[in-house]
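Report on the following structure.
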Amino acid sequence: MKFIIKLFPEIMIKSDSVRKRFIKILTGNIRNILDKHDDSVAVVRHWDFIEVRSKHEENRPHLIELLQCIPGIHHFLEVEERPFTDLHNIFEQTLERMRDELVDKTFCVRAKRRGKHSFSSLEIERYVGGGLNQHIETAKVKLKNPDVTVRIEVDNDKLLFIQARHEGIGGYPIGTQEDVLSLISGGFDSGVSSYMLIRRGSRVHYCFFNLGGAAHEIGVKQMVYHLWNRYGSSHKVRFIAINFEAVVGEILEKIDNGQMGVVLKRMMVRAAGKVAQRFAIEAIVTGEALGQVSSQTLTNLRLIDEAAGTLVLRPLITHDKEQIIAMAKQIGTEDIAKSMPEFCGVISKNPTVKAVRERILAEEEHFDFDILESAVQNAEYLDIRQIAEETAKGVVEIDGVSVLGENDVILDIRSPEETDENPLALENRQVIELPFYKVSSQFGELDQSKNYVLYCERGVMSKLQALYLKENGFNNVQVFVKAK
């Protein structure tokens, strides 16, 4: 099994030294991700493409899914590799492979070539196309919009048949740009803005301001883990949780109602700036869009930035909410975001849309900044790669079972892609498929006389969801543990 990885076009127009560095980093990222799932994978970089090989054909669907989510990959090709002797032999092998597929179809041949040969790419197209047209009576050549495009690549002494093309997410490889710290709330905006910086080549760390208790943090961890696991698992990243309940309490008590929203955002970016400074992170990222809510006017955003002490990036600044939700759906965070309440908006009934700097500074003089400093000092720092261990510590009241009882129903909370690829089939046992991002909204609709045993591949999401359900009063949940 072989894949040819084609690079994001912006990488190819870089200078030689920069392009080589980007390709080297992307090669390492691909290797880091695929090695976890297939120990036979070999990743080799070339001047303008990367070659991926595997000995395990059964892993093909999973490797395709992984490659589609790695930043820096524009598209990749599934190829069948064969030796060849000459141009006529290329035609013979193409005829053997494509004869049945071209019956009663229009077609064209597209060829690419690397190395020294006695023929050009155009000559391959003409010779092979003419031969196919002669030997398959019901096939017809059509150069524009044919039914079938026969794709051939000649790489020195190897003939490559293109079996399929898959699109990647593009962007730059993670690690080619500096680290950033994303202010993640679990909503639509912060999830999408985090993804956009991942795709642009930054290693994204996450800073969460907890305003809603354990259930809020569990929901945010689900989103963060999803973003990291799907798009950024080539790198170690940090999850920082800061309990902001005392800060909000101080604001409610000391700050004028109309100024609360701007002051709260200033406190958040102050705290995030301190965290960023501690880890030498160059910028913080927010999901704010111009005019979307009262605190997101240019006047207010400028005042918020003044408190940050570092660069503030807003990748969604010109996006409409409809666009943001569409992107959230595309990257798989929509349903998680739907279940996440918006805590920041509840503290101010009449927010100002044009805050005055002097008024904000005067209000902040009433604020006890020791409370903010204490919140930052007592922040929880977590390596996302160890989130499973931390989750296990937090769900000691959740039973893990490997033997099922008569009243137990397996609740498969994997994504639809995972269940399609590897369905869970247990003899004489009911299995309900309910993706993890729909559990919070749809679990209550299930038959509550049953006991539900949650299952996912690694046990991380199932533990998070079980804790979430327990927090919300559902005691008929356990976690499925595979027997060793």
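One is the number of the first residue shown, and numbering goes on along the chain from there.
In case you wondered, yes, glycine gets a Cβ from its N, Cα and C as well.
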According to Swiss-Prot, which candidate in Gln277, Gln296 joins Leu183, Ile184, Lys265, Gly287 at the ATP site: Gln296
Rounded to the nearest Å - Cα separation of Leu183 (ATP binding site) and Cys456 (disulfide bond): 28
Helix, strand and coil totals (DSSP H, G, I; E, B; other) for the domain 'THUMP' (61-166): 37 helix, 39 strand, 30 coil
Reduced DSSP assignment, Cys456 (disulfide bond): coil
Collapsed DSSP category at Gly287 (ATP binding site): coil
Secondary structure content of the domain 'Rhodanese' (404-483), with strand meaning DSSP E or B: 28 helix, 17 strand, 35 coil
Site extent for ATP, whole Å (max Cα pair distance, Leu183, Ile184, Lys265, Gly287, Gln296): 16
